Every structure is written in C-alpha cells, then in structure tokens.
C-alpha cells in the first residue's frame, strides 16, 4: 500500500539533503562535544552565529570550522544577536566574505533580549535587501501566517516560524497557526525555536514541516550526544507519520475487531 502522501526530497537553494534535522553550534561545553553531538544527529546543515562564533574572523582563536568541516556539512551562517536590519545585512555580508562567496544564510532580527521574539518589521526590511543582494535567505519569523506569506513572496527560500520562544523548550505552542502557514506555503517551512525534547520535533514533522532547526534542546540536555541521536529518530518518525496519514480522532470508541463471527 502506498503512503497517504507522496514524499519529496528536502531541497534548499538547489541542493538536496537526506536529513531534515538542522542543528546549531552554541551552548555546548566545548568544541569536542559540539562535534560529537552534530555527528550523532545526522544533520547535514549546521548553523553558526557569526557574531558569536569564530569562523575565521578572529585569527589565533579556536575556529569552529576546524571541527565542523565545510566539505562535509553545509554551513548556515545566522544573524543571531542582531536587533536591526542594518546589523543583520552587515553580518550576512561578513559571512559571505569569510566563507568565500557563500550565499545561504539564516536571517533573524530580534525584538528584545527578554523574549528574543522576531522583530518582523526589521526582518522584512533585511530580507528585501538580502534577496536583492543575491543571498538565499532562510528566515526566522513569528507564527503569523501573513508575515510568512509576505516573506515567501519577497523571495526568501524558506520560512522558519518559531514554535516557542528561543531556548524555552516549551514545544509547539500554537500548532494551529503553523497549520495555516503550512497549508499556504509556497516554500519550505521549518520550525525554528521552542523544541525541548524529541516528541516536540516529532509533532512539528507530523504537522507537515519540511524540517526542524534546533540548538538548545540538544545542547542543554543532560546528555547532548544521546539527545542528538533521539532527535534524529524523532524527525524521521514524524516525517513517516505525516506521510502515512494519522487516523481520524473520534469522540467515541471504535472496536478494533469486527463483531461478525464472534464466538458465543
């Protein structure tokens, strides 16, 4: 029997990936733990906060690229720590210089330090500039379906609505908005932020997300490497469940076995 839905490759900027789990590089105790967790996750795309992580801009300091080989992983520079469109654009251009013309970036422009909620006005400004400048923009945004639509129409190659606030581990706080975004999507939709454990990642994939990006859920686990393995399997399970199509929810019970031929 064929699945309820047809699977399709996970493709970004013309490149296809086997793993639908994207991982961050912050908050680990050291670079070796970072390397082990990323390897255990099976991820092929690794995101890096350019303003906080040395990828060559600080000679003489430990370089993340010494343990995360760009020949093996797609490096996804992000603009974490930026609070204006101008800061974000400048950071992306720096990343392009450091990574020899690399065009794939993750845009995030934050509103304040307490919530780390996206500033959608500044995000829209930055996205417009970056797209015109030739970047392939994956964009962190709120779970507002209208903003997600506008970002896609602007030319962003993927929209990444938050599931919960960054670093909170609250899980999928508003699955209904995510469903609307997914139903209207013309570009890949990835959950970004809020995942706390494997079941959260599975739920995101069961909703129909193309992939999930996470950092804190792995790095803050008591055993980050083991959690990375759990997330790998959670993503795969959620995707398979979405393809299979879940049974409908019912108010009343329905017997698993037919009444015909019942022994009396």
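Glycine too: its Cβ is placed from the backbone N, Cα and C atoms.
Residues 193, 194, 215, 216 are recorded by Swiss-Prot as 1-deoxy-D-xylulose 5-phosphate binders, and the candidate that the same record lists for that site, out of 167, 238, 245, is 167. Residue 215 (1-deoxy-D-xylulose 5-phosphate binding site) sits 14 Å from residue 106 (active site, schiff-base intermediate with DXP), taking the CA atoms of both as reference points. Pairwise Cα distances among 167, 193, 194, 215, 216, the recorded 1-deoxy-D-xylulose 5-phosphate-binding residues, top out at 10 Å. A Cβ within 8 Å of the Cβ centre of 167, 193, 194, 215, 216, the residues given for 1-deoxy-D-xylulose 5-phosphate, is found for these other residues of the same chain: 164, 165, 166, 168, 169, 195, 214, 217. A simple way to gauge crowding: the CB of residue 215 (1-deoxy-D-xylulose 5-phosphate binding site) has 23 other CB atoms within 10 angstroms, across all the protein chains here.
According to DSSP, residue 193 (1-deoxy-D-xylulose 5-phosphate binding site) sits in a coil region rather than a helix or strand. Across the binding-site residues listed here (167, 194), the residue whose Cβ sits among the most other Cβ atoms within 10 Å is 194.
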